[in-house]
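Single-structure report; data block below.
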């Protein structure tokens, strides 16, 4: 191997390694203080309990025949736990640790600071949803035809990506607000209704339906329900592309919002805890 | 006796005024009843008026009351520990257990008000008639349930005085109680073995009384649930007192009143 090719390889690999390092560090920073029991209880226990609870509510209200439909909706909503409480609370957590001002003052580019924080949560959210389906299969008789697994997995990955992009927008609010809990919880709970996970979207007023269609997960839930019903992915590519577009749009807005709010936070002196 | 009453009242009033200053508590007693009420109202929109009243109206209120117990009464000890004030109130001559009980009463008043907010929101937003066949029993059920939730909050406060993992626990115990106690759907949806376990939790008995108040029936049908709820509340209360007496010694031995 020549010296030049080694330099090229390092030049290519270095940003990637840095990205992974930033993603891993921010994830560890959030959950590192917990032992594994606490991690499982907070990261998986609560979301799965929420999923079971609302699926059982739907089971009672809509009858046994539609159970899978509502299980899928509530399982996908679990990604919001990662999006809102994981990604969404990161900048707020930096402030509480006293490191937000260092982060803002660092010479790194803003996208490099901001985007890697969502990466591990995408896969963590995906894992939570898959575990939710396993729990659904064990306790509620959920089944998924083997042939649809690859398409279903792709839909879940896209869903988790767009949910995390939403989390990035929430996290920007952490630059200005010293207590995000109220916002995080309202955002998280609203998703139970706005995504169509628990009742048909048509029941909402028209203006709320418009918001619902602009939300991440609404399309993914519809797509996953169609796939579970035996339909092919190619017939619903518009939903998949739509979800990717929503995720990318949210990520773009998140980056703009981050730059904008960063300036306001510096002006207001809101980077410190007190 | 009068001084104990004064401690209880002062602690309850102070807690009532200060707890609402916390955003998380504001979420529990203001935002959650509204969001939960609207969500459950949408879900139960096409069910019967009895189901709508019981699960969308009262269920959303009860669930938010329970959340306020989880995120306030149970977590107040945790908060005091982080503020570094737990040792101070523990050593206060007024009596630690009375101060804590006063705090829980103060929080529970907010919890009860959240039920009223939930009922108002769901009634205003949905064009559904509410059914209350036995209004007197609704009052009795809500009063007994409030007393029982105070007892549970007191018990949790005792348990969490010893534990430094209160925050994790309070996050986890919210939904299991919604499921186990039939707050958002009938208990009969659960497997028989789980139903047996449900009766160890007093909200299950309270929901049965509220169901009677909504759907009506013979008084003899509801009396076993009233006795069951009162008995469980007394057991929780007694267990809490025993726990607080044991804590008095154990906290000093294990030195768990500090954050680290």
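Using N, Cα and C of the backbone, Cβ positions are placed for all residues, glycine too.
Model, not experiment: these values are computed from the prediction.
The domain 'ABC transmembrane type-2' feature in TrEMBL is assigned to A:38-269.
The transmembrane segment annotation in TrEMBL covers A:40-64 (among others).
Under 8 Å from some Cβ of the transmembrane segment (A:70-93) lie the Cβ atoms of residues 26, 29-30, 43, 46-48, 50-51, 54-55, 58-59, 62, 100, 117-118, 121, 124-126, 128-129, 132-133, 136, 140, 142, 156, 159-160, 163-164, 166-168, 170-175, 177, 180, 184, 187-188, 191-192, 195-198, 217, 220-221, 224-225, 228, all in the same chain and six or more residues away from its ends. The transmembrane segment annotation in TrEMBL covers A:70-93 (among others).
Residues 19-20, 22-24, 26-27, 43-44, 47-48, 51-52, 55, 59, 67, 71, 74-76, 78-79, 81-83, 86-87, 90, 156-157, 159-161, 163-165, 167-168, 171, 251, 254-255, 258 of the same chain lie 6 or more positions beyond the ends of the transmembrane segment (A:114-140) yet place their CB under 8 Å from a CB of it. According to TrEMBL, the transmembrane segment annotation covers A:114-140 (among others).
According to TrEMBL, the transmembrane segment annotation covers A:152-175 (among others).
The transmembrane segment annotation in TrEMBL covers A:182-201 (among others). Packing against the transmembrane segment (A:182-201) from elsewhere in the chain are residues 54, 57-58, 70, 73-74, 76-77, 80-81, 84-85, 88-89, 170, 173, 208-209, 211-213, 215, 217-218, 221-222: each is 6 or more residues past its ends and has a CB under 8 Å from a CB in it.
According to TrEMBL, the feature transmembrane segment maps to A:239-260 (among others).
Contact between the transmembrane segment (A:152-175) and the transmembrane segment (A:40-64) is not supported: fewer than 3 Cβ pairs lie under 8 Å, counting only residues 6 or more apart in sequence. Tertiary neighbourhood of the transmembrane segment (A:239-260): same-chain residues 110-111, 114-115, 154-155, 158-159, 161-162, 164-166, 168-169, 171-172, 175, 214-217, 219-220, 222-223, 226, 233, selected by CB-CB distance under 8 Å and a gap of 6+ residues from either end.
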